[in-house]
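S.K.: The structure's right below; bear with me while I get my questions together.
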Amino acid sequence: MATVEIKPVSSARLPEIALLVLALLVGVGAYVATAITKTGEPPAGLWLHVGALVVFTVATHLLVRHFAPYADPVILPIAVALNGIGLAMIYRLDISYEARGQQDLAVGSKQLIITVAGIILMALTLIAVRDHRRLRKNSYLLMLAGLVLLVLPIFFPAVNGAKIWINLGFITIQPAELTKILLAIFFAAYLVEGRDKLSVGGPKILGLRLPRPRDLGPLVVVWIVSIVVLVGQRDFGTSLLLFGLFVAMIYVATDRVSWLVIGALLMLPFLWMATKVSHVSSRIDGWLHALDPAVYNRPGGSGQLVQGLFGMATGGLFGTGWGSGYPQIVPFANSDFIFASLAEELGLTGVFAILALYLILIERGMRTAIGVRDGFGKLLATGLSFGIAFQVFVVVGGITRVLPLTGLTLPFLAAGGSSLMSSWIIVGLLLRISDAARRPAPTGNLTTAEIAKVTKGNPAKKNAPAQSGATPSNDETQLVHLNKGEAQ
């Protein structure tokens, strides 16, 4: 009987546990330092906080070791470190809120529960999605579910000027956070199936080969959906994210710059419409005229933005230290403006370190996209990684006044249940795809049954020739843009 020869490859789980210990020390250290600075003693709930993080983090590591032994060893520790830093800052703000009699703003305990729920969701994602390619079969159903979730908040009251929340009484959720994941799955499946026709060149204008007019339909549909979200929900951030996500993924799928040009041109009327939505136009006005006293003092003006800017300026290069600043005077300091809170107390050096963590997370996601063998996985990993990068860029750009404020929040750091749980689901999907990317390919003479066993019943490979050197399927050899750097 023929045997299956597997190339010896380190599963890298030992480096992961070492990095997890370091990540936990960062989060717990910040938590303890904050309490000692503000109260002079360790926090009362120290063991509950540390115990919850340690138990669920170690359990997740063991689960990854069993269900995704070849997964990237850096992704999970980075997520734990960012989440821990966010929890520490939220707890630090809770102390100040309670001292000012604003107990209703204290959300640290709730955020810890949401963190545990998010880690559990990530684990369930890893268990339920044994093969990421199976998501492709249900892509249209997932797309429909995503659109339904996206539309639902229109029928609920607006919160802070935008209709992006569903208030169920005992909990308030933001469905768009899950929608971006579902639509990323659909975009990846659609573009894998239709990239050939989308890559066909049409008329050439000014030296640029444009796509055929009949192939513009998908882009126009996504553009219209983004406009509906912008106008119906007054949610500039989500509409911008969905449109940008599709444009980025279609560019990666086709390797045609013309799609970027068309996307940029479609953004012009999109931005013009944004200025006609009162909630969004107020933010744009506050961005352009932040220091104008009339704009600063009016409701919904630039007061929050300017206070955040002065807070970051106070932090300087090394910050005031954990618990030594006054970030609590900025509205939504624990959610929308948590970056400004961190910049004030950790300084430019500290937030650069945080941005470096995001950069590493995004890089590992892109490396996963390059390494995975199937086109669907490449596009999905690219889309999920781009979504994180886009959110970080837009949020940090808004707080530093490079861009208008959008209402998006920083993944893992900001207070908020929907955003945090969706971020952990993304981690679960990236771990699953990276496991497939890093898993060594079988070598030697294999029978059809052995191939099915090694590939865990992947339908795309069940009909592969039973010998080494078989020609890979079309689905595994595309996306020229990513394959140029594919790891050997």
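Positions of Cβ are set from backbone N, Cα and C atoms, glycine also.
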S.K.: Which is it, of 312-331, 412-431, 432-451, that TrEMBL names as transmembrane segment?
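M.R.: In TrEMBL, residues 412-431 carry the label transmembrane segment.
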S.K.: For the transmembrane segment (412-431), which stretch among 45-64, 111-129, 257-275, 337-359, 379-400 has the most Cβ pairs under 8 A?
M.R.: 111-129
S.K.: Do any residues of this chain, six or more beyond the ends of the transmembrane segment (71-91), have a C-beta under 8 angstroms from a C-beta of it, and if so which?
M.R.: 12-13, 15-16, 19-20, 22-24, 26-28, 30-31, 33-35, 43, 49, 53, 57, 60-61, 64, 107-108, 111-112, 115, 118, 322, 334, 338, 341-342, 345, 354, 357-358, 360-361, 364-365, 367-368, 410-415, 420, 423-424, 427, 430-432, 434-435, 438
S.K.: In the same chain, who gets a Cβ under 8 Å from the transmembrane segment (45-64) while lying at least 6 residues past its ends?
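M.R.: For the transmembrane segment (45-64), the list is 13, 16-17, 20, 23-24, 27-28, 31-32, 35, 71, 76, 80, 84, 87, 91, 109, 112, 115-116, 119-120, 122-123, 126-127, 431.
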S.K.: Counting only CB pairs under 8 A, let me know which of 111-129, 337-359, 379-400 has the most with the transmembrane segment (236-252).
M.R.: 379-400
